[in-house]
Amino acid sequence: MASSFSSELMRILLCAFVLSVRSSFEKKVLVHGAQITVSVSSLSPSVNCTASTNNVNSTLKLVHKYGPCSQLFDGGPINHTQVLLEDMARVKWIQSKISNSISGTSDLKESNVSLPASNSTNGGGYVVTIGLGTPTKDLTLLFDTGSALTWTQCEPCISCYSQAEPIFDPSNSSSYANISCFAPSCIGLASGTGELPGCSGSRCIYGTGYGDGSSTVGLFATETLTLSPTDVITNFEFGCGQNNGGLFDGYAGLLGLARDPISIIEQTATKYGRYFSYCLPPSTSAPGYLTFGRDKVTSPSLSFTPMVTVAQNPLFYGIKIIGISVDGKPLSIPSTVFSSASTIIDSGTTVTQLPPTAYTALRSAFREAMANYTSAPPFEPLDTCYDFSGVSTFTGPVITFTFDGPINIDLDLSGMFYVVDVSQVCLAFVAGADDFAIYGNTQQRTFEVVYDVTGGQIGFGAK
């Protein structure tokens, strides 16, 4: 295990790698004020899973769960219909977590569910590989800023889905220990899971559910968590899931980074200071990274916006949008549109959800700027698409988000478009609810996104 961790972590992608990708990409990109001219061929980049060997400590390689750099990759093309269906389910799940109250006590025996493939709550997410137990076993987990509890499937299974690695067996680990029903962390589980804990004898039983009906239930326990050969966290509290339902696409569970005492961010507060960052790659064909600790940030400059507490559910990381510009021109959006909407930044939502008034203004300005290009049919739920077949280059407008601070974030090309193929390149935004918005992971691509939880701020560093 130690050798596999070393070889894997020596390939961790840091921002130096993203810089090199961007450097080669920029040879094909010309920026003209508020517009960008790019090669159409750059919309379908070649696979490059090679990573930098710098700064392996406290850092995990991060890859798109459906991309060719993932061990979950099945060799076929990405099913974009499936990704966007999952994304819509993810949005509904987040809305349910904001609107629903804490549910009843968890039961290890009565949680089996079955879902159709289109109802995963995880959207176009990213996965990381961690080590768990003594001796350490590799597990691929979805990294999720919208969930607090870290959990993995465990033997003996009452109900387990198929995953890439062998299911974790706590009986083979010398560092595993169950948590008592009367332990403070068990009693406080509801804030992080949305469900009251249960008991099996004196053992704490956790349960957490998702908006589409999927769930995980099992033993709440402690174990040794290994991020790198030099970053080992003992007595890490996690969910050892023995009854798991829903479609989880082959990965072993979730790594929870939300705002709650049970989150890995709070459990490692002494070590990392409640400070983490990630860099999502420009495409599914390259890796990015997730890193813990202030001294690991590599962006030459960062712009910070205040971290907002979402009153309906403080698990989520809130931000405040002030305005949006297209082609260097601010959109005419009433200030009340954003001030009356709760906005979160989320690692698992693929395309940004905007209040309808804001989305309509963005779509109108974008279509006007792209009027010289051939339209393509909508790709549900994306309604503004273009056909670049036979076109060698195209010029598009820069989309700029203004967040509280104020700070201005110019989106990377990969943050403006969702590419089905060159004949269907779509604006990567949709109209959501009037009172709710999500800043999705497509718009975060190529930025180093920094979460300074103690300082109450979120930073964006353009690469």
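Keep in mind that glycine also has a Cβ here, set from the backbone N, Cα and C atoms.
Some features that TrEMBL has for this protein:
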- D144: active site (ACT_SITE)
- D346: active site (ACT_SITE)
- 126-461: domain 'Peptidase A1' (DOMAIN)
- 1-23: signal peptide (SIGNAL)
For the C-alpha pair, I'd like the distance in angstrom between D346 (active site) and D144 (active site), rounded off. 8
With every protein chain in view, how many other Cβ atoms are within 10 Å of the Cβ of D346 (active site)? 24
Would you count the other C-beta atoms found within 10 angstroms of the C-beta of D144 (active site) for me? 22
